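Participant: Look at TrEMBL and you will find B:58-246 tagged as domain 'ABC transmembrane type-1'. Here TrEMBL flags B:6-25, B:62-82, B:94-117, B:129-150, B:170-191, B:198-216, B:228-249 as transmembrane segment.
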Amino acid sequence: MSSIISLSGIHKYYGDYHALRGIDLEIKQGEFFSLLGPSGCGKTTLLRVIAGFEDVSEGVLLLDGANMARVPANKRPTNMVFQSYAIFPHLTVGQNVAFGLRKKGLSKADMAAAADEALTMVGLAGYGSRAAHALSGGQRQRVALARALVLKPKVLLLDEPLSALDKKMREQMQSELRRLQRQVGITFILVTHDQEEALIMSDRIAVMFEGEIAQMASPQELYRRPATRRVGEFIGVMNFLEAKQTGTTEKAVSFDVEGLGNAEISVDQLPEGARATADVVGLRPEALSILFEGQNPTGRVADATVQDLAYYGDMTYYEVTLEGSSTPVTISMKNLISRPVLERGTKTRVQWDERSLVIFAA
Amino acid sequence: MNWLRLYAIVYLVFLYLPVLLLPVFSFNDATVIAFPLNGFTTKWFVELAGIDALHGALKNSLFIGLSSATLSTLLGICAARASTRYRFPFKAPIMGTIMLPLVLPEIIVAVSLLVVLMQLGFSLTSWTVIMGHTLICTPFAIAILSSSFQGLDQSLEEAAVDLGETRWGAFSKIILPLVTPGIVASFLIAFTISMDEFIIAFFLTGADPTLPVYIWSQLRFPKRLPSVMALGTLLILASLVLLSIAEYFRRRGIRRTGAKDSGGFL
């Protein structure tokens, strides 16, 4: 498969501040790619580097095979949806969408047709003659999308496009963006600090901390096998238990895990470089489950005490401590009619599976 | 009635009563400015039409007003854009120095300008007045234009560039139309300030006086007093109209960019 974007050794300095520290990245044609990280991790800077709003201090950026070093932002085959949408308030919706088309040498009729088509695509058919400043947040977002997509860019850049919307609207736009992306087949690069949003929408995610990519993987891979403790913490909820390595064979490594006892981890479950250094293992809340009375265990079992709980309606999150350990462990349980909700202080048993233990690289 | 309300009323009377007397006496049929009034006349306004020196002064003032409004608005656009869009070393002291004439006593500005111009061997013409007026009008222009530029989303310009415009294209097609109301408001206010300004004009004017300087020179002749009152009435009217237009454009600008009104001059 061909790379539409290829970054190698990208560094960016602002004076003494090292904003991007050697980014290597290949993004495939038609991919929905997300840059995920906390604020200040460099994800927006990286997006702006691709758009051409920031020059790189070092490194090479190829867009569809062409070096972008001397190509200014207005000549790049990328378009951006800004966090603030940046809708031109003195123009109509139609003029906003057609803004970029004026340079393409189209006839007036073709321009209007293309703008109408783009507006229809984002669900704003017939809004062309409205004043842009009178639109709602969600509508502005759609106009910004139409304005960028109408130019048929090779890559669409989205800078936290959903952060200004309320929860309902955001969820609606998430699925709509996904649908649009599949429909037009354009490569999307999304910058977000919302891990859930990244998981829902992306084909692949690059998690960034302090100007570096900590891990790049599919949402499933990222959630199941976070490469570092920090990635595991950032994406979803993760429990961490102390672990001591007790032995190694050809096929497996054994650990003595706090509260759970001996665990044998098969080699292909280990990330590279993890063998000698792992002193902590990770466990997702759904990897543990409470054994209710009368239930037969299907995995390994450990004793635990319920310390606290949070009832969410469909789910209950229990905070338990395992026998012989004081580390609080979160367990998520689906609420079923046949299951009681345990009270604080209840002694219970939990079951777990060696295959769901996560070992981190150094 | 509580004391605060009384205070407010006394304050307003003190502020505006003298101004209100101006139109009253300009329609009074007597050369003496005193009560009781003598009867209604418009002859002082008619008399104005016949004074050539007044027409010269008016033309001169208009020329100076238009020139200094243009210059100070142009300078104001540059300064306001620089101060809202860019970060550069010594920004605060530089902006402070530009805004200083706003609070500097005009007499000081006038005397120092006069001394410097004389030392440099300039002769006093309308252009020296324009220089002085540009100096004091520019801070007003910056104050008005800064609020226009500040209300703009920084991404607008980048969005235009992203959609294929050059930097200049983005500025002229997006930024300029959005700040046009601010530019108009700044121009009108600078023009009004220049038209009314006396001290600098008095010190720096050459052979052709400006309107305020001409009015001042007429105060020596008691016979001319009523027609000066008539002239004053016309000037108040003109100022009010211009400031209203300026404020209209300022508010329209804020509406267009969808920003919040942070209060203007009126």
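Keep in mind that glycine also has a Cβ here, set from the backbone N, Cα and C atoms.
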Participant: What same-chain residues lie close to the transmembrane segment (B:62-82): Cβ under 8 Å, and 6 or more beyond its ends?
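Facilitator: Residues 88, 95, 98, 126, 129-130, 133-134, 137-138, 140-142, 144-146, 148-149, 175, 179, 183, 186-188, 190-192, 194-195, 201, 210.
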Participant: Honestly, do the transmembrane segment (B:170-191) and the transmembrane segment (B:228-249) touch, with at least three Cβ pairs under 8 Å and pairs 6 or more apart in sequence?
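Facilitator: Counting Cβ pairs under 8 Å, at least 3, so yes.
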Participant: Where else in the chain does the transmembrane segment (B:198-216) make close Cβ contacts, counting only residues six or more beyond its ends and a cut-off under 8 Å?
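Facilitator: Distal contacts: 53-54, 56-58, 60-61, 64, 106-107, 109-111, 113-114, 117, 123-126, 128-129, 131-133, 136, 228, 231-232, 235.
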Participant: Who are the chain neighbours of the transmembrane segment (B:6-25) in space, where the CB to CB distance is under 8 Å and they lie at least 6 residues beyond its ends?
Facilitator: 33, 37, 226, 229, 232-233, 236
Participant: Restricting to the same chain and to residues at least six past its boundaries, which positions have a Cβ under 8 Å from a Cβ of the transmembrane segment (B:129-150)?
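Facilitator: Non-local partners: 64-65, 67-69, 71-73, 75-77, 79-81, 83-85, 95, 98-102, 106, 109-110, 113, 175, 178-179, 181-183, 185-187, 189-190, 193-194, 197, 200-201, 203-205, 210, 250, 253, 257, 262, 264-265.
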